[in-house]
Amino acid sequence: MTDLAARQHAAAVDAESAARLAARGLDLRLVDTDAERDAYSQVVARGFLDTERSTEQLDAVRERSAYRRLVGVYDVAAPVPDAPVGTIAGWVAELSVPGGATVPSLAVSAVTVAPTHRRRGIARALVEGELRTAASLGVPVASLTVSESPLYGRYGFAAAAAVTSWRIDPQRAGWVAPDPAGRVDFVPRERWRELAPALHERVRPGVPGELAAPAALWDTLAGTRPDAKDAAKIRAVQHTDADGVVRGLLVYTVDENPDDYARSTATVSYLLAETPDAYAALWRFVLDLDLIGEVRASELSVDEPLLWMLADQRAAHVEVVDHHYVRVLDVPVALAARRYGAPGVLALDVTDPLGIAAGHWLLTVGDDGRGTVEERSSDDVPAGAVRVALGVTELSAAYLGGVSVATLAAAGRVHTSGTGGAQRAAQMLGWHDAPRLTYWY
Ligand SMILES: CC(=O)SCCNC(=O)CCNC(=O)[C@H](O)C(C)(C)COP(=O)(O)OP(=O)(O)OC[C@H]1O[C@@H](n2cnc3c(N)ncnc32)[C@H](O)[C@@H]1OP(=O)(O)O
């Protein structure tokens, strides 16, 4: 755990949110002991429509979630006062940004409020409180994946990295890409679980929008958790290059079609590739599986090379889905971390309903794509700069290069100065690789 992550984990709860909730007889506090964590875990399961957790599941969750800071809201007047009526989890993890660098991000998860206590501002107090705490510690961005799209824009989050869900008819798709080098083999799930973290560590800096993954993710994907459901369905595969180095990993499941056995369904749970050969070989393996009439995959990029490997692009039905939500907390630190698509100068006027990221900033990008950021007064705009007035939600939307500023301007969400200002700002803030996050958290 980095020093920043340790400080975030141990920080006191936000005083403003605590006072707001206390005025309603509610207690905001850190969830600490094993018994508290188990009670919290049961409430989160209920909040996400899951069944009550068994002792085995509680043990598995507790063992795998120590990295998470857990905060609960308690109602002392409730019949079970030890069960929180509101929950949130947060931890600091590296978020990849355009250009190969990473920034620390407050990853937010497990936001639930008991149906008995909804629509009284408890979720707002929890989310705002954790954002203020992270910002006060110097965490430059926050991020999350969502159950419902409309929830987090009000706090400054935007869908910065969309992904795609695919349904492919492999019997129609064909293949027009070169034959990939290397070999593909089945491996035991336990072996896959050992290999995955290191491969992800190598791949993720080059994928804007990807987040350092908790160890628990690999157990879930490989079915190696003691409480795993349907683990026996999971098939694990590796790709190795000519030197025998593992360059790609795949886990998938198959569901028989009782009406037509030869048109069963294969679902790609996770496909990770470090090289073009590994990427092509693993996709080709999936598309060539016998007895499969449909291949499903999700959390793929909006600009997936796979589309250009298919002889018949209409064999693939592709749906774009909002996925990784990002919220800038510290404008200069966040903007200085990424690289830019073109040189130039932007005068940014940023508004923020929570006040955290509001201000006037000058972003100067050199020919090498690196940016420097200075605070400026609102009327100080150098000649040649494009003035961009936007909310923190729109800044966050454009942060990873996943949406063009020209598109946001055309949608009326961003205002730019001068003829062609939106296009120049779009070239600067744009990036050649679509951002993506490969999992949910
Ligand atoms: C990162 C994650 O964990 S995503 C998972 C979110 N959690 C879930 O989906 C679990 C099921 N849902 C719940 O537990 C709750 O309904 C929550 C957490 C979504 C909302 O909790 P509440 O305490 O009722 O929210 P709260 O009263 O603080 O409302 C905050 C704002 O969100 C709005 N809001 C709350 N729920 C919804 C919703 N389902 N759709 C749209 N807006 C909503 C409120 O109108 C309010 O708006 P305003 O403050 O701008 O006027």
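Each position is counted from 1, following the chain as shown.
Using the three backbone atoms N, Cα and C, a Cβ is placed for every residue, glycine included.
Just so you know, TrEMBL annotations are computer predictions that nobody has curated.
TrEMBL lists Tyr152 with the feature active site, proton donor. Note: Tyr152 (active site, proton donor) has non-local neighbours Val127, Leu144, Val146, Tyr325, Arg327, i.e. same-chain residues 6+ apart with C-beta under 8 A of its own C-beta.
Feature annotation from TrEMBL assigns active site, proton acceptor to Tyr441. Residue environment of Tyr441 (active site, proton acceptor) contains 20 other Cβ atoms, counted within 10 Å of its Cβ in all protein chains.
The acetyl-CoA binding site annotation in TrEMBL covers Val111, Thr112, Val113, Arg119, Arg120, Gly121, Ile122, Ala123, Arg124, Ser147, Glu148. The Cβ neighbour count for Glu148 (acetyl-CoA binding site), using a 10 Å radius over every protein chain in view, is 6. Mapped onto three states, the DSSP output places Glu148 (acetyl-CoA binding site) in coil.
Looking at the domain 'N-acetyltransferase' (26-182) alone, the prediction's average pLDDT is 97. Residues or ranges marked as domain 'N-acetyltransferase' by TrEMBL: 26-182.
Within 10 Å of the C-beta of Ile122 (acetyl-CoA binding site) we count 27 further C-beta atoms, all protein chains included. Other Cβ atoms within 10 Å of the Cβ of Arg124 (acetyl-CoA binding site), summed over all protein chains shown, number 14.
Between the CA atoms of Val111 (acetyl-CoA binding site) and Tyr441 (active site, proton acceptor) there is a gap of 11 Å, rounded to the nearest whole number. Among the recorded positions Val111, Val113, Arg124, Tyr441, the residues whose Cβ sits under 6 Å from any atom of ligand 1 are Val111, Val113, Arg124. A distance of 21 Å separates the Cα atom of Ile122 (acetyl-CoA binding site) from that of Tyr441 (active site, proton acceptor).
Between Glu148 (acetyl-CoA binding site) and Tyr441 (active site, proton acceptor), the C-alpha separation comes to 14 Å. Close to Val113 (acetyl-CoA binding site) in the fold, though at least 6 residues off in sequence, lie Gly47, Val73, Val85, Gly86, Thr87, Ile122, Ala123, each with a CB less than 8 Å from its CB.
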